[in-house]
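Engineer: I'd like to ask you about the structure that follows.
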């Protein structure tokens, strides 16, 4: 299916958020996730199904003021 | 010094982590500033996030994540929830921006987001104006700290409305307050501390200086001097001159 990851269209085979993160190379990364604008805690990623057209945000620590 | 949600800081400086010429300069500036708090943000992971996190962890200071760039309560609330998981802290510097040019807080969005986050157990540091009515509403919502702006973010103008800030300080004498944003010079920071504010939060003034490390030290000294002066009970101001040298015993020449 095709989802949008951080604003970029990506074709993935994973059907859950946890599997998608692994497929995208963020299996062990320190990241926080939001799906279609809502926060998804890391504990809920394995049970979070993905659907075609979903918008996934994967955020990491960054510089800030 | 008033504490921040039960945390007493080693000194009254909070420092941002953005815009430094290099990670090494950032680390050196932090050491010289003796800041006890580092502000950080969340952005889309593009490969640098993991290295940045290990740099921040090595600073050994408390982390204050922000919701910078959020223009709605919904965005800010979601960002705060993500920040809590990512940084493992209930602290959140809540920014809901209302105007793109001035980066002035949106008071309505700010209050809405603060209400939701306080109810969820966040310890909210709201980036606000010097407006007393808004301050009271934020306190009612559960905020135990206020962060009034000195001037627009990144402007370096200092304390734009000293009267308003003084009134705010006097209106809520028990509330810990941090002057956040707009400071450009150490004298601005000393001024804020002399006025009775509990800390200052800055970023650009240090990071954009020609020598960020030296400027960090200058701010550390200024904050210390301002706090010392406030505790020393400054003299009153007079309109007319009053001689300090005794007149008695002056020679008749």
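Backbone N, Cα and C atoms are what each Cβ position is placed from, and that goes for glycine too.
In TrEMBL, annotation is done automatically, which means it is predicted and not curated.
Straight out of TrEMBL:
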DOMAIN    B:5-246  domain 'Thiazole synthase ThiG'
ACT_SITE  B:93  active site, schiff-base intermediate with DXP
BINDING   B:154, B:181, B:182, B:203, B:204  1-deoxy-D-xylulose 5-phosphate binding site
Engineer: For the domain 'Thiazole synthase ThiG' (B:5-246), what's the model's average pLDDT?
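Structural biologist: When the pLDDT values over the domain 'Thiazole synthase ThiG' (B:5-246) are averaged, the result is 95.
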Engineer: With Cβ-Cβ distance below 8 Å and at least 6 positions apart along the chain, what are the contacts of residue B:203 (1-deoxy-D-xylulose 5-phosphate binding site)? List them in sequence order.
Structural biologist: B:15, B:16, B:17, B:18, B:19, B:39
Engineer: If one looks at the chain holding residue B:182 (1-deoxy-D-xylulose 5-phosphate binding site), which residues at least 6 apart in sequence have a CB under 8 angstroms from its CB?
Structural biologist: B:149, B:150, B:151, B:152, B:153, B:154, B:155, B:156, B:157, B:158, B:159, B:160, B:188
Engineer: Taking B:154, B:181, B:182, B:203, B:204 as the record's 1-deoxy-D-xylulose 5-phosphate-binding set, what's the max Cα pairwise distance in Å, rounded to a whole number?
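Structural biologist: It comes out at 9 Å between the most distant Cα atoms.
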Engineer: If I take the alpha carbons of residue B:181 (1-deoxy-D-xylulose 5-phosphate binding site) and residue B:93 (active site, schiff-base intermediate with DXP), what is the distance between them in whole Å?
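Structural biologist: Here the two Cα atoms lie 12 Å apart.
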Engineer: Please report the number of other Cβ atoms within 10 Å of the Cβ of residue B:204 (1-deoxy-D-xylulose 5-phosphate binding site).
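Structural biologist: Taking all protein chains shown, residue B:204 (1-deoxy-D-xylulose 5-phosphate binding site) has 19 Cβ neighbours within 10 Å.
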Engineer: Where does residue B:182 (1-deoxy-D-xylulose 5-phosphate binding site) sit by DSSP, helix, strand or coil?
Structural biologist: coil
